[in-house]
Amino acid sequence: MSSHPPIRSYVLRQGYFSNAQRHAYESLLPRYGIPLTEEPVDLDSIFGRTAPGILEIGSGMGETTAEIARQHPEKDFIAIEVHAPGIGSLLGQIEKHRLTNLRIIPHDAKLVLQQMFTSESLDGIHIFFPDPWPKARHHKRRLIQPDFVSLLCDRLKPGGYLHIATDWEDYATHILHVLRSEERFVNTAVDYAARPAYRPLTKFEQRGMKLGHTIRDIIFTRTA
């Protein structure tokens, strides 16, 4: 067994933690958070119903996550986020909009997927604007790597989808290459897909578009 620590795709940059975010984090996480366990999570039990389950990896400040959950009450959503300000922000939005179909797991995505989700247990996975780690020496930190994609594919049901969005051209090319190398995945487009109606434009995205940045949506489905 290797003694080297795992390479993480994120750095815990705490950033500004507002009073409102801190209050939401401390008071609402026990209600809407799901603790890390070594047992598979039972979504039917958590949400009190049987519905399509969508996992979002890296929910950021949570605006997009909350909006998608608000617009799709027929689906259940699990957000994975490790940064406390973002967790607090999303918790506040869950409370504000009274979202009964959204919960948070505040832990590392790889560990969560390995321990808490079984094979063919998810209907969809969203990864919007993952850190591109643009410097070549940091490419090994990129979240989208063959072993992780294999894990994602395993956790999806046949017919389930993986949706990744990025504004970094080099990373988009890398993502396409990695996903095409997974034989259980098939692209829903030739290369990049049109932005689905369910993914709202973020403020970050709108600013980027004004600067001429191209947003690329990549959507693959599991075939078997």
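Using N, Cα and C of the backbone, Cβ positions are placed for all residues, glycine too.
For the substrate site that Swiss-Prot gives as Lys135, Thr202, Lys203, Phe204, Glu205, the extra residue drawn from Asp44, Asp76, Asp167 is Asp167.
Of the residues the record lists as binding substrate, namely Lys135, Asp167, Thr202, Lys203, Phe204, Glu205, the two whose Cα atoms sit farthest apart are 25 Å from each other.
Contacts of Phe204 (substrate binding site) defined by a Cβ separation under 8 A and a same-chain sequence distance of 6+ are given as Phe129, in order along the sequence.
Across the structure, Glu81 (S-adenosyl-L-methionine binding site) and Lys135 (substrate binding site) are spaced 23 Å apart at their Cα atoms. The Cβ neighbour count for Glu81 (S-adenosyl-L-methionine binding site), using a 10 Å radius over every protein chain in view, is 26. With a 10 A radius on its CB, Lys135 (substrate binding site) counts 8 other CB atoms from all the protein chains.
Taken residue by residue with DSSP, Asp131 (S-adenosyl-L-methionine binding site) is part of neither helix nor strand, so it is coil.
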